[in-house]
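Here the structure comes first, spelled out in structure tokens, and everything after it is commentary.
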Amino acid sequence: MSQAPKYKRILLKLSGEALMGDGDYGIDPVTIGRIADEIKGLNRIGVEVGVVIGGGNIFRGAGLAEAGMDRVAADHMGMLATVMNSLALQDALEARDVYVRVMSAIRINEVCEDYLRRRAVRHLEKKRVTIFAAGTGNPFFTTDSAAALRAIEINAEIMLKATKVDGVYTADPMKDPSATRYEHISFTDALTQNLGVMDATALVMCRENNLPIKVFNIFNEGDLLKVVLGDNVGTLVSEETP
Ligand code: UDP
């Protein structure tokens with residue numbers, strides 16, 4: 001396995017749930033520490049890393065709205081949850097001597113920087129891990145859409161979508177043991193077959209801007225590095241066959 005990274009700049013999308021570990025709410029310090037170690041590994045081999053984190057481990061707008069809240073207020077809470085997760089990851093990275101900046105789509109500049117595209121690109125060029133918080137800053141979107149948007153804006157070569165399965169399968173591998181992993185699928189198949197890669201808004205944005213996505217398992221230690229080195233793990237979603 002050569003140490004030369006295949007990509008110079010990536011956007012890593014972590015769901016809020018990736019931070020929970022075995023718990024069912026909040027942030028598990030051991031889990032976030034392990035993820036920070038893996039991100040540090042990429043930083044140390046010179047990869048420019050942008051990160052978008054979800055908020056599902058704390059609040060999801062749709063869930064709160066179902067329980068009776070106004071959807072816009074609920075989505076504001078969801079976006080603020082992503083800010084908390086971003087601050088936790090920043091802390092874990094700084095504890096490991098990694099330079100990092102959090103930039104929020106909602107102005108909250110006692111806590112972190114405002115998102116400015118030019119400044120974000122500068123941080124990345126200086127090899128600072130740059131965490132994009134508060135989603136797109138708008139209700140009715142998901143952090144998958146925010147990840148697609150930021151990845152395109154910063155000219156990332158690929159979006160790495162961290163999940164709890166090894167990639168995209170022909171069926172749900174938790175339910176159907178005969179399900180097999182796709183090495184590659186097209187955006188159109190991912191959309192029309194409803195394979196659950198990401199929501200349609202995010203997928204269409206990636207397709208229209210030719211941004212490939214790699215779906216991989218963040219719970220397999222070392223797989224994030226393998227993806228960046230170009231090893232055959234996970235599933236590539238792109239228009240062209242590799
Ligand atoms: N959210 C939003 N606009 C955005 C991104 C996120 O309103 O651009 C809110 C929405 O309520 C969402 C919550 O933030 O449910 C957390 O994000 P998401 O559900 O995408 O987190 P994940 O599932 O990745 O943990």
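Glycine residues also receive a Cβ, built from the backbone N, Cα and C atoms like all the rest.
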Of the candidates Gly55, Gly63, Gly167, the one that TrEMBL places in the UMP site of Asp75, Thr136, Gly137, Asn138, Pro139, Phe140, Phe141, Thr142, Thr143:
Gly55
Counting only residues 6+ apart in the same chain, whose Cβ is under 8 Å from the Cβ of Phe140 (UMP binding site)?
Gly61, Arg71, Asp75
Taking only the binding-site residues Thr136, Asn138, Thr142, which one has a CA atom nearest to the CA atom of Gly56 (ATP binding site)?
Thr142
From Lys13, Ser15, Thr163, Asp172, the binding-site residues whose CA lies within 10 Å of that of Gly55 (UMP binding site):
Ser15
